[in-house]
Amino acid sequence: MENLMTSSTLPPLFADEDGSKESNDLATTGLNHPEVPYSSGATSSTNNPEFVEDLSQGQLLQSESSNAAEGNEQRHEDEQRSKRGGWSKGRKRKKPLRDSNAPKSPLTGYVRFMNERREQLRAKRPEVPFPEITRMLGNEWSKLPPEEKQRYLDEADRDKERYMKELEQYQKTEAYKVFSRKTQDRQKGKSHRQDAARQATHDHEKETEVKERSVFDIPIFTEEFLNHSKAREAELRQLRKSNMEFEERNAALQKHVESMRTAVEKLEVDVIQERSRNTVLQQHLETLRQVLTSSFASMPLPGSGETPTVDTIDSYMNRLHSIILANPQDNENFIATVREVVNRLDR
């Protein structure tokens, strides 16, 4: 008997499992006979096909329960994250309603001092940035003598009295009543939207929980389970197809971007060449203006007696051309002189 126990080996089903897994699997299959020797129990259990089938089903159920627990933990973390709230990135805060008909709010003594001294200090030291100016004015206010500081405080008190009187009169007008109704309607709409969003979130969480519960409640190896697997496989195929289409689109867009980048680089090279060409032409034009000015400096225009300068050479040449075309017979001598000057320029 001892030789049989020492020579017997565990079947492959238990060869790779540790002690804790063996105890869990045996508990799942319902083996409640601790007094039976281990070798004989293992041999008889592995020879029984019903035991192997029950063991595999128990392992599947255990893996499904662990997946369900992980899903519940993930859902709990998402709920906690949504409860923390916060202003989502990308959203814009709506500006509060502003009553344009309301009286102007009063200014404090410190604000009056800041408004008065800020422009003076900015005009005196324009290179100082705005935060530094504010800090300097704060130090100046703290060191201001009490009698000078009291002047700003008295002005603030008078402004506050003015505001209270105007506000009391404004609250009796129809414009204030209209603004109050708008504010109340906006608050009601805001609370209604918040309730609707909260209800939609709750419904979505409930629907997700029901779907997950319905998925985990499907018995394995049934027609419903097979249909569910087929639906998941069809969904995965559709997602793979969509993914391939998007990848093809991205590749085409990438090629288009590369071609556009090449075209832009070519245009930039052309722009640089045109700029250098314009620079050369501008230099040539300036040289020509100087030569014409020096050549025609001793030739005043008939009638006006105008002589050219570097700044007026363009208008001088236009008027010279008009005189030559208008009265060539009356200005033959002048035209002959112009021809001589031009001939010297060609040489």
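Heads up, the Cβ atoms here are built off N, Cα and C, so glycines get one too.
Taken from Swiss-Prot, the feature DNA-binding region applies to 103-171. Across the DNA-binding region (103-171), DSSP classifies residues as 54 helix, 0 strand, 15 coil.
Annotated coiled coil per Swiss-Prot: 229-273, in sequence order.
According to Swiss-Prot, the compositional bias 'Polar residues' annotation covers 1-10 (among others).
Residues or ranges marked as compositional bias 'Polar residues' by Swiss-Prot: 40-49 (among others).
Residues annotated as compositional bias 'Low complexity' in Swiss-Prot: 55-66.
Per Swiss-Prot, compositional bias 'Basic and acidic residues' is recorded for 72-82 (among others).
Annotation source Swiss-Prot lists compositional bias 'Basic residues' at 83-96.
Broken down by DSSP into helix, strand and coil, the compositional bias 'Basic and acidic residues' (182-211) contains 30 helix, 0 strand, 0 coil. Summarising the annotation, Swiss-Prot assigns compositional bias 'Basic and acidic residues' to 182-211 (among others).
If you draw a 10 Å sphere around the CB of S105 (phosphoserine), it holds 9 other CB atoms from the protein chains shown. What Swiss-Prot records for S105 is phosphoserine.
Taken from Swiss-Prot, the feature region 'Disordered' covers 1-113 (among others).
According to Swiss-Prot, the feature region 'Disordered' maps to 179-211 (among others).
Averaged across the DNA-binding region (103-171), the predicted model reaches a pLDDT of 87.
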